[in-house]
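So the structure is just underneath, and the comments pick up after that.
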Amino acid sequence: MIKLGFHVSIAGSLPLAVSRAQEAGCDTFQIFTRSPRVWAAKPIEPSIAEAFIDALNISGIGPVVDHMPYLPNPAAEKPEIYARSIFTMTEELDRCDQLKIPYLVTHLGHHGKEDGHKKGQEKVIAAIGQALDESEGETMILLENTANEKNTVGGTFTDIGVISDALSNERRVGFCFDTCHAAAAGYDLKGHGAETVFGWFNDEAGSLDRLKVIHLNDMKGGVGSHLDRHEHLGLGYLGEETIHDVLTFPKISHCAFIMETPSDEIRTDKDNLAVARRLAV
C-alpha cells in the first residue's frame with residue numbers, strides 16, 4: 001500500500017509535527033525544520049531531537065521528508081547569497097541527520113541574467129556537491145522539478161539529469177517529482193498519462209529507483225502555464241483521473257506521496273487525504 005501524507009507545521013515544537021501528522025491520518029509527512037522565511041536557524045536542542053525521534057518511532061509514521069527553506073538559491077549570481085545558500089544546505093543536512101530524517105527536498109534555484117543557464121547549472125552542481133561533502137550522516141538530497149519559470153534551474157527533466165549526472169556522490173542524490181510543477185512546465189500528465197511522463201523522467205532525469213518523493217498536487221493553471229499554484233486533488237486541471245493514474249502507477253509505488261494542497265473552506269487536509277485514498281485503488 002502506498003504511503004500518503006502532507007506537509008505539516010512545526011509550530012510550537014518539532015515533536016508536535018508528529019502529533020499533527022497522526023491527527024491528519026498520515027502515513028508519511030514533510031516539514032520545515034525551521035522558519036522557511038529567514039536565514040538564521042535556532043539550533044535543535046538534543047532533548048527536542050530525542051523527543052521528535054521517540055514520537056516518530058511510537059507513531060510508526062515514515063519516512064519523514066524535510067524541505068529546504070525559501071531563501072537559499074544554489075544558482076545565485078550574488079556571491080554572498082550563493083555562499084549563504086551552501087551554508088544553509090549543509091546546515092539543513094546536519095539537522096536532518098540529528099532528527100534521523102532520510103530526505104531533504106531542494107529546488108535548484110534561479111540563475112542570474114549575467115550568469116545564464118549553463119553557469120547556473122554549474123553553480124548548483126558545485127553547491128550540492130560541497131554541501132554533501134561537508135555534512136554529516138546519510139540524508140539524501142532530492143532534486144525537485146520546477147514549473148520552469150523564467151531563469152529557473154530544474155524546470156526540465158533534462159536539466160535535472162545534467163545536475164544529477166554531474167554529482168559523483170550518487171548514493172546521496174535522488175529525486176522529488178511534483179505533479180503540478182511537471183504539468184505547468186509542459187509535461188502533460190493529463191494528456192500523455194503517468195506511464196509516458198514518468199518514462200520521460202526516467203530517460204532524461206534519472207532512474208525511477210532514485211525517485212523517493214512525489215509531491216501530489218493538482219494545479220490551478222494549465223499545461224505549460226509555468227504557474228506554480230496548487231489546487232485540491234481532482235479540482236484542478238489534472239483532475240481525478242490523472243491523480244488516480246499517478247497513484248496507481250506501479251513503478252513509483254515505493255515513493256512517499258506528499259500533498260501540498262490548500263486547507264480552506266473548500267477542503268481540509270483530511271478531506272484531501274480521503275480523496276487520495278479513494279483514488280489510490
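Going from the start of the chain as shown, residues are counted 1 onward.
Including glycine, each Cβ sits where the backbone N, Cα and C put it.
The shown structure was predicted, so the numbers you read here are calculated from the model rather than taken from an experiment.
Per Swiss-Prot, the feature Zn(2+) 1 binding site maps to His67, His107, Glu144. There are 24 other Cβ atoms within 10 Å of the Cβ belonging to His67 (Zn(2+) 1 binding site).
The secondary structure of His215 (Zn(2+) 2 binding site), as reduced to three states from DSSP, is extended strand. Residue environment of His215 (Zn(2+) 2 binding site) contains 25 other Cβ atoms, counted within 10 Å of its Cβ in all protein chains. According to Swiss-Prot, the feature Zn(2+) 2 binding site maps to Glu144, Asp178, His215, Glu260, an assignment based on sequence analysis.
The Zn(2+) 3 binding site annotation in Swiss-Prot covers His181, Asp228, His230 and is backed by sequence analysis. Less than 8 angstroms from the CB of Asp228 (Zn(2+) 3 binding site) sit Thr146, Ala147, Glu149, Cys180, His181, Ala184, each of them six or more residues away in the same chain.
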Proximal but sequence-remote residues of the same chain as Glu260 (Zn(2+) 2 binding site) (Cβ under 8 Å, at least 6 apart):
Phe6, His7, Gln30, His215, Asn217, His230
Surrounding the recorded Zn(2+) 1 site, with Cβ no more than 8 Å from the Cβ centroid of His67, His107, Glu144 and those residues left out, we find Met68, Val105, Thr106, Leu142, Cys176
Which ones are near Asp178 (Zn(2+) 2 binding site): of the binding-site residues His67, His107, Glu144, which have a Cα within 10 Å?
Glu144
